[in-house]
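Per Swiss-Prot, the feature domain 'tr-type G' maps to 10-201. Feature annotation from Swiss-Prot assigns region 'G1' to 19-26. Look at Swiss-Prot and you will find 19-26, 76-80, 131-134 tagged as GTP binding site, backed by sequence analysis. Sequence annotations record features per position, and here Swiss-Prot assigns Mg(2+) binding site to Thr26 based on sequence analysis. Residues or ranges marked as region 'G2' by Swiss-Prot on the basis of similarity to another entry: 55-59. Annotation comment: Swiss-Prot describes 76-79 as region 'G3', evidence class similarity to another entry. As annotated by Swiss-Prot, region 'G4' applies to 131-134.
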Amino acid sequence: MAKSKFERTKLHVNIGTIGHVDHGKTSLTAAITKYFGEFKAYDQIDAAPEERARGITISTAHVEYETDQRHYAHVDCPGHADYVKNMITGAAQMDGAILVVSAADGPMPQTREHILLARQVGVPAIVVFLNKVDQVDDAELLELVELEVRELLSKYDFPGDDIPIVKGSALAALEDSDKSIGEDAVRLLMSEVDRYIPTPERPVDQSFLMPIEDVFSISGRGTVVTGRVERGVVKVGEEIEIVGIRPTSKTTVTGVEMFRKLLDQGQAGDNIGALLRGIDREGIERGQVLAKPGSVTPHTKFKAEAYILTKDEGGRHTPFFTNYRPQFYFRTTDVTGIVTLPEGTEMVMPGDNVAMDVSLIVPIAMEEKLRFAIREGGRTVGAGIVSKIIE
């Protein structure tokens, strides 16, 4: 049994299972909890609760477990559409993924799509579990499937030759039938996950960035901007940049307040007010960010991967075409952008996920993996992620 208390002493890593429908993602998730956490049966995981992220409803199951080295938060989704939505909205951030492939079927369409999505949304590392090996009698056939999986991973720019592939049977692990492909395989899988999936950098160790939510003018003191520090640390007296919407400018933080108390610094997760030197109330606005100088730049053109809501999800009722002009909601503000669809894609239907080029009418502080909502008059009609910056 895992300890019930959440021990902060271990490194925390977020992972998830991905792969084709019925290849055994949920069974594997259940099997991992059996040996490394508080056992959750298949039915408990499969009945995933609905949650909302960026105005989109997604069913996601969360389980947690721990190895000797790490504490894991693990996400498993019941349906393919939930995976697409989850990965694009970042509802459950993934530091790495376990790709489940049935040895009996080999890679299938959703295997490919999940690998592509993992690449587009920047999942840093993948470990493979080749499931249902007891259904394949021929060792050569098993080798062939492994080769296919490696080639597919390489095709989408993952290091296919180096990725650990563990062969086993989630069912054998759950039923205690064959230890070598059951329990032993699940334990080996987790030791490979420990070894191969890198420890994420903690937000507080990254470069300072704070999206501006509000701007106030305090007589005799100057201009205060408020927001939640997304990452890094800002200390009183430090020089920072104001990026996005207008030309980038520099200023000094002369004070940091939280809950009406003065602090000497604000850090990732804190809701702060920052007093800025020599900036007037009109010179700064919501939608800009405060950032460590040189760490983030403003851009207007980018490639994105997006999911478009269905009518039932509250989205559009009709398709859209190239030159579609919705608002793109980045962090704290809406910016109008013009969509260009890829060659060969004539239109996008509600419920589709699509790669597209976007050109914003004003620049936004942007980097790859930044997420956004697509809105029409304040109503969310889609969600996306920046896959590549063009200019």
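Placed from the backbone N, Cα and C atoms, the Cβ positions cover glycine too.
It should be emphasised that the depicted structure is a prediction, and the values quoted were computed from it without experimental measurement.
Where Swiss-Prot records a feature, it is marked here on the structure.
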residue : record           : DSSP (3 states)
Gly19   : GTP binding site : strand
Lys25   : GTP binding site : helix
Cys77   : GTP binding site : coil
Val133  : GTP binding site : helix
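Helix, strand and coil counts from DSSP across the region 'G2' (55-59) read 0 helix, 4 strand, 1 coil. Most other Cβ atoms within 10 A: among the binding-site residues Lys25, His80, that distinction falls to Lys25. Counting Cβ pairs under 8 Å to the region 'G2' (55-59), the top-ranked stretch among 19-26, 76-79, 131-134 is 76-79. Long-range contacts of the region 'G4' (131-134) within the same chain: residues 23-24, 27-28, 100-104, 142, 167-172, 178, 181, each at least 6 residues beyond the stretch ends and with a Cβ under 8 Å from a Cβ of the stretch. Counting every protein chain shown, the number of other Cβ atoms lying within 10 Å of the Cβ of Thr26 (Mg(2+) binding site) is 24.
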